[in-house]
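Here the structure is laid out as structure tokens; the discussion comes afterwards.
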Amino acid sequence: MISLDDKVSGLMVLFLISASQLGVGVLGFQSIINKYAGHDAWISVMIAGIAVSGVIWLMYQMLKNDEKGDIVAIHEFTYGKWLGNFLTTLFAIYLLLMAIVVLRTYIEIIQVWIFPHLKVWAFLLLLIPLFYYTISDQFRTVVGVCFLGVVYPAILNLALFFSVQYADIDNILPILDHTITELLQSSSLAVLDFMGFSALLVFYPFIREAGKSQKYAHYGNLYTTLVYTAVCLISYLYYNQSELDSVIWASLGLWKIIEMPFLERFEYFGIATLFFMILPNVVLYMWAATRTVTRTFGFDHKKVALVLLGILFITSAIFTGREGVNLLNDSASRIGLVFLFIYIPVLFVINFICRKVRKNVS
Amino acid sequence: MNKKTSQKKIQRDFEKLLRELKQKDAFIHYQREHETGPIHLGYLKTAIDTDKLEKYIMPRLQEYMYQNLNELKDHIPFTKTELTDDADQIPDKLVKSFVFIYMANVSPSYLLIPLPLDEKRQVSVPEVEFSVVGPKEAFVEDIDTNLNLVRKRLAIPELNVKKLRVGTITKTDVAVVSIAGIADEDNVKTAVQRIKDVDIDQVVDSSFIQQTIADNKNSPFPQLLDTERPDRIASILVEGKVAIFVNGSPHVLLGPTTLIEFFSAFEDYFLNWLTASSFRLIRLIAVFFSILITPLYVAVLTHHFEIVPQTMLTTLVNSRMQVPFPPIIEALVLEFAIELLREAGARLPTKIGQTIGIVGGIVIGTAAVEAGITSNVLLILVALAALGSFTTPVYKMSNTIRLIRFPLIIVASVYGLIGLAISIAYIMVHLLRLTSLGRPFFAPIFPFRFADFKDALIRLPFSMQNKRPFQVRPSKVKRPVANENDKLRDSR
Amino acid sequence: MYLKYIVFFVFVTASLLLNAFMPSKIIDQIQMITVIGFDATEEERVQGTVASPKYQQEGQVEDFIYTDTADTVYEDWVKLNAKATERLLNGKIKVVFYNQKLAAEGISDFIGFLTRDPSIGGNVSLAVTEGSTLDVINSATTTKGRGIFFADLFEHNIRHGNLPQINLKIFESALDSGTQDPFLPMLSIEKERPALTAIAFFKGDQYVDKLPIEHADVFKMLYEKNVSDGEYQYKSEEYIAAVENIETTKDVVFETNGGSGTVTINVNIRGAVREFTGQLPTTQKEKIERDIKQDIEKKANRLVSRFQELEIDPLGIEDDIKSGNRTYNQKHFKSAYPDMPIRVNAEVKITGYGIMR
């Protein structure tokens, strides 16, 4: 079983949840979520944050029943061995897909912004050993990366304030100019940027006194929501809505205007710093995928990690260009939406019934 | 008859031994007449303290009345004297600073008296970790003196000294020191166990132990702190850490330690906390600067001219105009030159070393810029980076800092700032995985321990240092530090 | 055991070697374009002019100036590169000029060229030139390089002069918004030196009118939400008063009464008199304030009705109304705008008179 040394304190759930949610999404979500709610979409971000808190609550209700419980145990308990393992495998593939999406999107940004001639597969050769080095050892290392991946890029939030001098309050007035339906429709798009927290279903047994860590999970989600809302709000103050339609990565555009006496064009520095936000995403998903496969089939953790990283390497090298990346992004968001807001509640209900029934039987 | 033949045999053995020993040129052999017959005395001239021999042994051989070696033994004012019948042991014992006395007609026994040469360096001023204020004592090579220097500061019965022998040939004394009731038993056990497990033929210095018991032997980072200051050892023992003394080494090891601790000079504790904190921060900034500035220069000049403000560009381009190489070559050449200077300065005697520094720094630097091999700006940056690395109080860590710069420069030249970020991530993950005596090396940053920050990046006043660092899992967490007067004042 | 180290080194080395020959941009082996000029020529072609700093010893900077004519910007760049000794790169563009003819034909394609390229920043100064851009670029004499020269020229005029805050980002915002028309500074050559002479107003992306820079003080007060350091000069037969250190706040009030609405622009002005040709200004504070108020209102109303005649909205009145009004309808507004009653209401407060009575 998991030894006490491998476990991390409950506070770390805050950083794990935040690190898994903050990723490439933060760079360009502004011009996606305004599809329905227009300049009010920043309210949708908050609504999405609340909805995600609800899903976290559902997850905790399932996980709490067993301190050692994770998605593998829940699936096995609910559906029995065969169906359970099948669904767990799907979940592992979903995690892997998320890692690919994040990594590929980041490389896409590098290609567009800095190195148009980058050989992606050769670049990946530098990254894959780093991922392996992080996930092959204890979970503690992954948590450490997540912790620093939240704390260090937090300084980027300060950079947002440079863009405030170009803010125009007219761009978001009048507030609440859209119907509730429009706001909710935009929220359903905003939710996609919060998706990563499903890794909670895997790392739950690694938390010390896991049952009591729920509040930290909500705090983590709160932090993410605040960051997204702040970024969104400042972007909407900075750009007008028609301008937003034409930009792909609105957040990077915010940085374009920053000029400091020793540093112009903050986005180049920012993209490099973003690596510390991307890394926790990828390693957490990869670790979770590895752990899920290991738990289900009982293979060796390191070997599974190698195989999955191999898949990551090949897929990331194959999908090229804007279309490829878009295809990846779209499919991941659809699957994520179905998984989080349809599958998890359904699983919760079935799991709840199963527990009641078996309790009565015994 | 039987007795006589055995007597003869013993006699023959002794003569054989003497013949063998006489082949060594340092061997001295005396023969004195006694009422029972001849008395033989032998030793190796270079191995023993001849003054003591003249002063204490020789007079007694003549003056006192004795019939056999046992009686003689009682008159010799030395402990650890031995009596043995085994002639084969003698050559070995002579090497280890013993004198033998043999009464040919009385018994086949040898009396062995230890007269080791006490060649010790005087306790002197610390040179590596010099401080303007505070105690001015530094450890020497002798382990007993060193232990004594610490005992002087910690004259308490709880001071736990566990002695061990390491080295299949050298059999060096190693002492693991901790304070019972404060230090965590697990830490002491880990240290002792690891030292016991060491399988090495020689231990010449504490760095041998440092490298063989390191948690990760392939890491460029030293995982045990070493210091030459007894006051620092005493203070850190009180914090609950474990010290490892090695005979023959003026450097004592400390563990479990953290990365941050390598950047805290002990002088920090002698200064007012505001001053000390500022200096410590300056040191940390210097380290970051030292590691990052050359790779940043290479990354920006090779790939990211966009981020340089126009006015700064003029300076940069101007200084690089004559340079025929790309920034990566320029930087590597210059870094190599600085390392060369440092190495030359370290290998040469102090006085010549200084000259080399001046010649290298001023003459070569100026000439290189004038000849157009390197740019002014880079020369300044590299020199500052070198300076920054020397602010690190622990020499081994400052070597590491200079070393990890090179891969960073190379990656930065290919992948620019992204490459730099990835390299830093590598170092970060490495530090996250690293442990010191099984305790996380990257604490208190991760695992995040807010309370331990009181003595990490900054040093808060003593009144706030009321808990021992959680890093070492001390058995006793609280420590009294506040001034009674402060308490009274606060309560008013 | 050591396999993993070998694999690691092979991976990293391979990665570095394979990408080592990506085209780099070593700062002394490129030419950074700092100033661009686009001119429309007679034969429907584009003349592109670029200035790129040529660094001299002792920190002096001169500029290479290349110019050529082609059908598209891209083709222009190919031709210019053929002349340059090193690769021309866009990363440090500070200033872009369009000549009046090109501006009148529409510059949205040329703005697209600037915003699509990730290496071009947001803080690029744009300007219209009265004559050929090449002449304006050539006429600058400086040892800092023309990029810094022109950027500084705009910068200080924005900060302390009559030029409102304007750069690529703001221009693009206004252009894309559909609720506001952009404007740009206009340069011409005066006595062989480049000089900021006017503000050029656009309808969409097409230049339509200009306002001399000495009369732009009122425009700046009406355009910006807050002016932090402006200046204003009152001239009458009676006396001349120069007001400096002007701080203003502005708000736009839209009132609907029946079918059409009325717009009131309230401007609050605080400033100190620095130059006064009459007698003892301290004794006639109220008169001065009233005179200035009337003067500003008169000028402002004239300016606004000129905009209404041209059917342009550089002040962003539509934008203000859109954000303050939930019943706003774009089509309705656009048709009503030329005849909409727009009133300017100025409040003037003189806060000081220098160090003389």
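Note that the numbers count up from 1, one per residue, in the order the chain is shown.
Yeah, the Cβs are placed from backbone N, Cα and C, and that goes for glycine too.
Listed in TrEMBL for this protein:
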TRANSMEM  A:12-29  transmembrane segment
TRANSMEM  A:41-61  transmembrane segment
TRANSMEM  A:82-107  transmembrane segment
TRANSMEM  A:113-135  transmembrane segment
TRANSMEM  A:142-167  transmembrane segment
TRANSMEM  A:187-207  transmembrane segment
TRANSMEM  A:219-239  transmembrane segment
TRANSMEM  A:268-288  transmembrane segment
TRANSMEM  A:304-321  transmembrane segment
TRANSMEM  A:333-354  transmembrane segment
>> Can you tell me which parts of the same chain pack against the transmembrane segment (A:12-29), counting only residues 6+ beyond its ends and a CB-CB cutoff under 8 A?
In response: 52, 56, 101-102, 105-106, 109, 143, 145-147, 149-151, 153, 190, 192-197, 199-200, 203, 207, 213, 216-217, 219-221, 223-224, 227-228, 231-232, 247-252, 274, 277-278, 280-281, 284-285
> Which sequence positions outside the transmembrane segment (A:82-107), separated from its termini by at least 6 residues, show Cβ-Cβ distances below 8 Å to it?
Replying inline: 23-24, 71-72, 75-76, 118, 120, 123-124, 127, 195-196, 198-199, 201-202, 274-275, 278, 281-282, 285-286, 288-289, 292-293, 295-297, 308, 311-312, 315-316, 319, 324-325, 328-329, 331-332, 335-336, 339
>> Against the transmembrane segment (A:113-135), which of these stretches has the most C-beta pairs under 8 Å: A:187-207, A:304-321, A:333-354?
In response: A:304-321
>> How about long-range neighbours of the transmembrane segment (A:219-239): same chain, 6 or more residues beyond its ends, C-beta under 8 Å?
In response: 13-18, 21-22, 26, 29-30, 33-34, 39, 41-42, 45-46, 48-50, 52-53, 56, 150, 157, 160, 163-164, 166-169, 171-172, 190, 193-194, 197, 247, 250-251, 253-254
> In the same chain, who gets a Cβ under 8 Å from the transmembrane segment (A:142-167) while lying at least 6 residues past its ends?
Replying inline: 8, 12, 15-16, 18-20, 22, 134-135, 223, 227, 230-231, 234, 237-238, 254-255, 257-258, 266, 270, 273-274, 276-277, 279-281, 283-284, 287
> Out of A:41-61, A:187-207, A:268-288, A:333-354, which stretch touches the transmembrane segment (A:304-321) the most, going by CB pairs under 8 Å?
Replying inline: A:268-288
> Same-chain Cβ contacts of the transmembrane segment (A:187-207) under 8 Å, 6 or more residues past its ends?
Replying inline: 2, 6-10, 12-13, 16-17, 20-21, 23, 25-26, 29, 32-33, 35-36, 41, 44-45, 47-49, 51-52, 55-56, 59, 63, 67-71, 74, 91, 94-95, 98, 139, 213, 217, 220-221, 224-225, 228, 281, 284-285, 287-288, 291-292, 332-333, 336-337, 339-341
